[in-house]
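Q: Structure incoming, see below.
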Amino acid sequence: MRSFFKIFLASFLAILVFCAVAFFFFMGMAGSAVSSAIPVISDKSVLKIDLGEAYVELPSSDIQSMVQEKSLAETPSLYDVLRLIKKAKTDDRIKAIYLVANGNANGFASSDEIRTALADFKGSGKEIIAFGNTMTQKAYSVANIANKVYVSPSGDFEWVGYRVSYLFLKGALDKLQINPQIFYAGKFKSATEPLRAEKMTEANQLQTRAWLNDLYADLLQKTAVARKLDTALLHQWANEGVVVTPQIAAARNLIDGVRYDDELQAELKRRLKIDSTGRINFVTVGQYAQVNKDLGGSGEKIALIYAAGNIVDGKEEEGVISDGAYVELLRKARLDQSIKAIVVRVNSGGGSALASDHIWREMKMAKAVKPLVVSFGDVAASGGYYMSCAADSIFALPGTLTGSIGVFGVIPDMSAFLKNKLGVTFDGVSTGPLANAGSIDHPMTEQERKIVQGSIERIYEQFKQRVAEGRKRDTAYIETIAQGRVWTGLRAKEIGLIDRYGGLQDAIDAAAKKAGLKEFSVKEYPRYGSLLERILGLNKSNSSETMVKQELGPEYARVYQQLRSVKQMINSIQARLPFEFFVQ
């Protein structure tokens, strides 16, 4: 027995020593990476911006993602990128911007904000050079603002128009003998279409074609102005598919020429008057952010609250908009006397109707005591719009997708699947016909269906009343623009769903003006803790989506997102955008 305890204690101590050594080794590496990665911004530096990076509202605090990067510095947020471009405009050390435009991982509205910031930089007299080995339309929609646009001679240039595609699951559900049992209010509320149809309905085709055409028209217009071309001719080229190589794109003035990377760098050296044997000091936005950490300003405080992701019940901290966390966050901002105004940046297709209403309530209470301005990102629809409609004013970009004022619910009947595919059956007793309502073990009765549909209709009416109150319209008018229909920011202003076109900085400036602030600092929320806190696990992070993307690529990550959305739809009433879609 004594020998057993000796072996046990020795093994236990060995494990403790190993864990301690591993911990301090990792901490040393982390500290070294952070401290040694601080770059030097020398004269004649070039700011390098890669559109293939997703500049999200809040950078990831997932340690796994951070460790896999070359350094442990965080990827800048979209707001950081916009401020850094503005900073570079007046930074004498930054002589140009090098825009990597192979692809574009950012949404349409985010891309528009980046393009606007680049146009402002260009207006200072400094140059922007855009380059891609291949260049997608979405990347080109930003890159065409550059002074010079080049593509690799052996690369590809895309000019064929936009397409949107949806994933439909009805056929799979039929084969599995799963009946989703769907309820909805609003003929355009197509979030449940993938579960109840095998293709798009006429109503969904109508609304999708309308907003897709708006995005396409914006691409044509901006390209025509930037490249001095005619929109009708650009549309013709896309339909005919004649621009199939970079050489043809250059011949038609869509780009300035074809270059290999070494040729482009040689040209940059000539422009910057750097010796041919010298090196260009490229500075990434992440590196530039490290030497420009204090971008928040000074003076009275404005709270900038990021609300990104699905809207859910409960108090999850990261990656979603949980009513528990965001009600608390808004309440603290409302009660904090040092905060003079609140800006909420919304990037959400919606989610739980109950959680949306809870957040709306706190937004309304905040508005009663201090200026509250909302800025819409790429998507602010359904529940995302619900929670926002109490604001003093709403800003959006023309490419923002918003509206989708409608409600739905899904209660699956799994009985046939469980019995016929797995041999599982259910039985039990109850005190009344509704005691087992909403269970997956039986098809819903007519009485159950009436109750659920009644709840859907009541919440839809409440949704419209909230919008009517916030937008100072009557509910009859709101019904004409509701019914679950999705609108672009361009149309949303025309019909009164938003107040002004503009990005995040415009919303912040408007909040400052309403609060009477000339000098102000921006404090961003939520805060997920320091790097050390994340390493120690003091902050929760859901890295499943990150892992799928890393292992299987972005295409499978989108499928994963869609299947996860289906899971979140089940057994709760939702105010959500019409499912997940991919525009290419």
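Yeah, the Cβs are placed from backbone N, Cα and C, and that goes for glycine too.
For reference, TrEMBL lists these features for the protein:
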type: DOMAIN; residues: 122-273; note: domain 'Peptidase S49'
type: ACT_SITE; residues: Lys189; note: active site, proton donor/acceptor
type: DOMAIN; residues: 366-517; note: domain 'Peptidase S49'
type: ACT_SITE; residues: Ser382; note: active site, nucleophile
Q: Averaging the per-residue pLDDT over the domain 'Peptidase S49' (366-517), what integer do you get?
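A: Computed over the domain 'Peptidase S49' (366-517), the mean pLDDT is 95 on the 0 to 100 scale.
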Q: What does the structure give for the C-alpha distance between Lys189 (active site, proton donor/acceptor) and Ser382 (active site, nucleophile)? Integer Å is fine.
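A: If we compare the Cα positions of Lys189 (active site, proton donor/acceptor) and Ser382 (active site, nucleophile), the gap is 10 Å.
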Q: Out of these active-site residues, Lys189, Ser382, which one has the fewest other C-beta atoms within 10 Å of its own C-beta?
A: Lys189
Q: Could you tell me which three-state DSSP class Ser382 (active site, nucleophile) falls into?
A: coil
